[in-house]
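> Once you've had a glance at the structure underneath, I'll fire off some questions.
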C-alpha cells in the first residue's frame, strides 16, 4: 500500500506530513516514557522482522499480491498503538530512502495510513474484542480491520489526489485489501501473538508493564 | 544484565528476519501489490502512462529491493542490508530514548 511520489500532488503530500508529524512526535514521547532496557531488544527484533516480512508479497489471486503491515502486531505486544506508529515510521523511512518503496514526499501519507490508522484501528479493535473472543481471534480481527480501513482511507486519498475515481477506487482497494488483510495481516498477526502468548506471556502488554519482580530487578541493574 | 531473556527474543527475531530476507526474493509474488493493481484497473491509460513516467522525488540506492546486475543474490543482499539497517536504527533509537537505564 506504499504510495509512490507520482500518485499524489506535492501540496497534498505535505498536508499528510503535517497530519502525521504530531503522531510521530507522540510516538517518540511514548518511547521516552515507556521504553526500558527490557523492551528495546523486543522493539528492534519486531522492527527487523516486519521489514523482512514486508518484502514477502503473498499472491492473493486476481493478479495481485499483498504483504503484512505489522502496526497492529507491534501495538498489541507493547500495549500501545504509539509503538506501532514508531516502528512503522522507522520501517517506512528505510523503505523509502534505501529502496524507493513508497515516495519521500508521500511518506507522511504512508506513515498515516500504515502506521497510525492501521495501528490505532487494529489495536483498539483488538482491545474491544479480547475479553469476549480471546487473544487469537481478537488479534486476527484487529489486524484485519486495521488493514482494511487503512486501504479505504488510501482509496479516498487517491480520489482527492485526482489519481483514482472514487467508487471504482474504493471497490478495487477494498476488495484487494479485504483479502490481503485476511491472509497477510490477520493470520500472521494472530499466529505471532498466539505464539508469544504461549511462549513468553510476560511480553504481552499488561504483563509487560505490571511485573513487580522484573521492574524491581531492573531498578537494581 | 536485566534484559537477558529479551536479548534471546532479539536473537530469535534477527534469525527469523534474516531467514525471511533470504527466502523473500524466491517466494515473494511478482504480481503488483493492491495499490498498483487498483491503479492498473481504475486509472485511465493516458494518465497511467503519465504517472509511470514520473521519476521518484529522491532516487534510492537499491530500488525495488534489488542491486543492479546482481540478480537474485542482489535481492537477498538488499533485503538483508535493509533488515540489518532497520534493526540497527530501531535498537539505536531505543537506546538513545531509554534514559532510565
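Glycine too: its Cβ is placed from the backbone N, Cα and C atoms.
Annotations in TrEMBL come from automatic prediction, not curation.
Remember, it's a predicted structure, so these values are computed and weren't measured experimentally.
So TrEMBL lists these for the protein:
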{"type": "TRANSMEM", "residues": "A:7-28", "note": "transmembrane segment"}
{"type": "TRANSMEM", "residues": "A:40-60", "note": "transmembrane segment"}
{"type": "TRANSMEM", "residues": "A:72-99", "note": "transmembrane segment"}
{"type": "TRANSMEM", "residues": "A:111-129", "note": "transmembrane segment"}
{"type": "TRANSMEM", "residues": "A:141-162", "note": "transmembrane segment"}
{"type": "TRANSMEM", "residues": "A:174-197", "note": "transmembrane segment"}
> Counting CB pairs under 8 Å, which listed stretch among A:72-99, A:111-129, A:174-197 touches the transmembrane segment (A:40-60) the most?
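When the Cβ pairs under 8 Å are tallied, A:72-99 comes out ahead.
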> List, by number or range, the same-chain residues at least 6 past the transmembrane segment (A:141-162) whose CB is under 8 A from its CB atoms?
1, 3, 7-9, 12, 16, 69, 71-73, 76, 109, 112-114, 117-127, 129, 133, 169-170, 172-174, 176-178, 180-182, 184-186, 188-190
